[in-house]
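Asks: Below: one structure in structure tokens.
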Amino acid sequence: MRIALVTLGGTISSERTSTPGVVPVSGASALLQDVLRWLPDVELVPVELRMTPSVSLTLDDVLALRDMTVALAEGEALTGAPVDGVVVSQGTDTIEEVAFALDLLGAAAAVPVVVTGALRDRSAPGGDGPANLVGAVLVAASADARGAGVLVHLGDRTHAARWVAKTSTFSTDAFSSEPFGPVAVVAEGWVTFGARPVPLSSRGLDRIVGLARVTGRVSPRVAVVQAGIGDDLALLAGLGRAGEGRTGSDDGAAYDAVVLAAAGAGHVSADAAARVEALAGRMPVVLCSRTGSGPAFTRTYGYPGGEIDLLGRGVLPGGWLSPAKARVLVVLALAAGVADDEFRAVVEAVAG
């Protein structure tokens, strides 16, 4: 059994150095030395792709990661021998976004891909990195993980990329999949699946799956705007559609789309509704809930600023997508050339 470990940096690779605080410094080979004795039957292949905090990862980095997982599965990278699974280690801040993007891009079509990380750095007492890494390797080596899409493993639990979210800044039990729960657990070295997720790449999103890296391409700019009590969302009036052929991000008000992190089941104040409508006439606007659990509704509240009103004003229903994941979907769709009139079908294919 050959499993590749592709490292991107993050807390799991971080230690205290001469600089203030911890920084990512340890690559794939160092991480593997921490866990080799617990994985005697697995041939581990180290691949250091990036060394960066996860919030600094870019669309190009994610596409490079997708390409690397495919090449490793096909035996076209490193030693040339195909691997049976891929583990990705990175910072936990954006694990849910990277895993979701990889799932949309079909990264796990050939072999299991499991993303992991750590809440405590390598120099901290009680570091959780080695245990998470061992568990992720065991999941990637499991026959039951094949065809399950991209998975995320931390704290002995394995989650589907579609549902997982980071819910704590400090706890080693920081990830959950509300309201459905994990799809598998690791106990005593055994991997047990209790549910079987469906890969997002199987939902007819061929243009996103086929998205290729383009040198020098500027990532689409998608803003997440949160609504709250008494907020008239006046800032929306200043958001303009980014022009064709944009080569830089010098115009701070130019965006390609907006994700609206609305209150409750998808609501804004009555004073904000007209501004949301005007914005939806200029660019795609996706309606999500800011709550962290449950979908944005579509047919319950009819008052001005309620979800029925907003959808009638041209806003797209984000369904179960969190604002962070909706943004990832929209960025990938824009990069793949999905036109405004195709956005509803793309969002609805994933949001339900």
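Placement of Cβ uses the backbone N, Cα and C atoms for every residue, glycine included.
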Asks: Say TrEMBL lists Thr92, Asp93 as binding substrate: which of Ser54, Ser56, Ser142 is in the same site, per that record?
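Replies: Candidate in the recorded substrate site: Ser54.
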Asks: Within the same chain, and leaving aside Ser54, Thr92, Asp93, name every residue whose CB is within 8 angstroms of the centroid of the CB atoms belonging to the recorded substrate site, in sequence order.
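Replies: Output for this site, in sequence order: Gly10, Thr11, Pro53, Val55, Gln90, Gly91, Thr94, Ile95, Gly117, Lys166.
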Asks: In angstrom units, rounded to an integer, how far apart are the Cα atoms of Ser54 (substrate binding site) and Thr11 (active site, O-isoaspartyl threonine intermediate)?
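Replies: Thr11 (active site, O-isoaspartyl threonine intermediate) has its Cα 9 Å from the Cα of Ser54 (substrate binding site).
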Asks: Reported as an integer number of Å, what is the Cα distance between Thr92 (substrate binding site) and Thr11 (active site, O-isoaspartyl threonine intermediate)?
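Replies: Their Cα atoms are separated by 7 Å.
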Asks: With DSSP as the yardstick, break the domain 'Asparaginase/glutaminase C-terminal' (254-345) down into helix, strand and coil residue counts.
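Replies: The domain 'Asparaginase/glutaminase C-terminal' (254-345) comes out at 36 helix, 17 strand, 39 coil.
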